[in-house]
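Presented below is the structure to which this report refers.
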Amino acid sequence: MKRTDNPFQRFVSLESTSSLLLFVAALVALFWANSEFSASYFSIWKTQVSLGVGNWSIDKPLILWINDGLMAVFFFVIGLEIKKEILAGELSTIQKASLPIFAAVGGMVVPITLFLVLNDNGVGKEGWGIPMATDIAFSLGILQLLGKRVPLSLKIFLTAFAIVDDLGAVLVITFFYSTSILWIYLIVAFGILLLLFVANYLNINHKWTYILGGIGVWYLFLKSGIHPTIAGVLLAFTIPGNRKIEVGTFQRLLRIEIDNLTCTFKKKTQFLTKPQRVSLETIETLTQQAQPMLQHFETRLHGFVAFVIMPIFALANAGVELFPASNSASGFTPLSLHLAEAMLFGKVLGISLFSWLAIKMGFSSLPSGVNFKQIIGVSILGGFGFTMALFIESLAYTDPDIITSGKIGILVGSLFAGILGYIFLRVTLTKELKRA
């Protein structure tokens, strides 16, 4: 069995593989939406789906079950990643976090500003938050195409600033893309969250406590007017990040159970004896207790999010009519161009400039083995917004023509960011290898 000891390498490998599936799902959506079966593509997502027990029910179109329901799990995993980085990762100290934070702030402020300046006619101005986020899966997937010539520290930098980007996007969605608020639901939701934080503080590690509480918080956010995906992020911060037993205790108890198994496995038998079953169950329990619940949820859900939720989201949201009827106001419009320009040029300028300022002012230093040309390269890849950009676009626009124009702008901006970022880094890294 092949084993990868570096958790970050496993993370990168998973994200890179999922990016291929995400790309295929987006292509299928585009072909379907522009084929003779396009009517079925646009109608299937409007199918009403009901979930209810007795007098209680939720009745929503399929697209909203995906964007409000499945994407809450996506945001939950993002929240887990943010918390993990804050506790023991690239955001755990000011020294480590300063450069990714500066890069992320520049990568949010400059694209938003550029979009508002370019889009001075006001059409689609509600979508100002679209260019601000980076798609981790696609950007890491493109870096993986460059092979071992890419320094690991560069991948870590990209991941760290993209995670801070996601946090910024979450805050923007919370405060600017939520509807009128029904405070009674929100107060009850925060009451449950407070209880979950208390449970965390008291070292309560029963996962169903957090799962059931999380479902309740999601429903209350849905009813309150705050976008329910935010419940996923807030819930993630309540999940315990501590082990139930320490490593030394785990090793000592594990050796005892392994010794017990060694003594009882002398004879080859088809079925386990009762003592053997007890030892194996104890080992399983010890293994769960030695792993923080935060890591347990992240490990269990990351694959599901990467290979199921994100492709479904792309399939449901990436479909856009590229060649609309001549009397339509949609298609590649000035709004599309402004979004694409803000995503590409805004990200390059924002990430590069703010990173340079952070280094020059002495707040930060370049990651080990990384030069500033490589920072520029990943800043280009930062313009690959896709998943989060499409999500914010679905909240910002309601007019069908503007939605179409927005999606085209996101696809064009992401495509150019991916291609140009790959070419720039390939040329830069190849030259450096020849000089080495």
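Including glycine, each Cβ sits where the backbone N, Cα and C put it.
TrEMBL annotations: computationally assigned, not manually curated.
Listed features, source TrEMBL:
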- 62-80: transmembrane segment (TRANSMEM)
- 101-118: transmembrane segment (TRANSMEM)
- 130-147: transmembrane segment (TRANSMEM)
- 156-177: transmembrane segment (TRANSMEM)
- 183-202: transmembrane segment (TRANSMEM)
- 301-323: transmembrane segment (TRANSMEM)
- 343-363: transmembrane segment (TRANSMEM)
- 375-396: transmembrane segment (TRANSMEM)
- 408-425: transmembrane segment (TRANSMEM)
So are the transmembrane segment (101-118) and the transmembrane segment (408-425) touching or not, going by 3+ C-beta pairs under 8 A with a sequence gap of 6 or more?
no
Does the transmembrane segment (62-80) reach the transmembrane segment (408-425) with at least 3 CB pairs under 8 A, where each pair is 6 or more residues apart?
no
Examine the transmembrane segment (156-177) against the transmembrane segment (375-396) and state whether at least 3 Cβ pairs sit under 8 A, considering only residue pairs 6 or more apart.
yes
Using Cβ atoms and a strict cutoff of less than 8 Å, what residues sit near the transmembrane segment (130-147) while being 6 or more residues removed from its termini?
12-13, 15-20, 22-23, 107-108, 111-112, 114-115, 154-155, 158-159, 161-163, 165-166, 168-169, 172, 306, 310, 339, 342-343, 346-347, 378, 381-389, 392-393, 396, 406, 409-410, 413-414, 418, 421-422, 425-426, 429
Distant-in-sequence neighbours of the transmembrane segment (343-363), which means Cβ under 8 A and at least six residues beyond its ends:
98-99, 102-115, 130-131, 134, 161, 372, 375-376, 378-380, 382-383, 385, 389, 409-410, 413-414, 416-417, 420
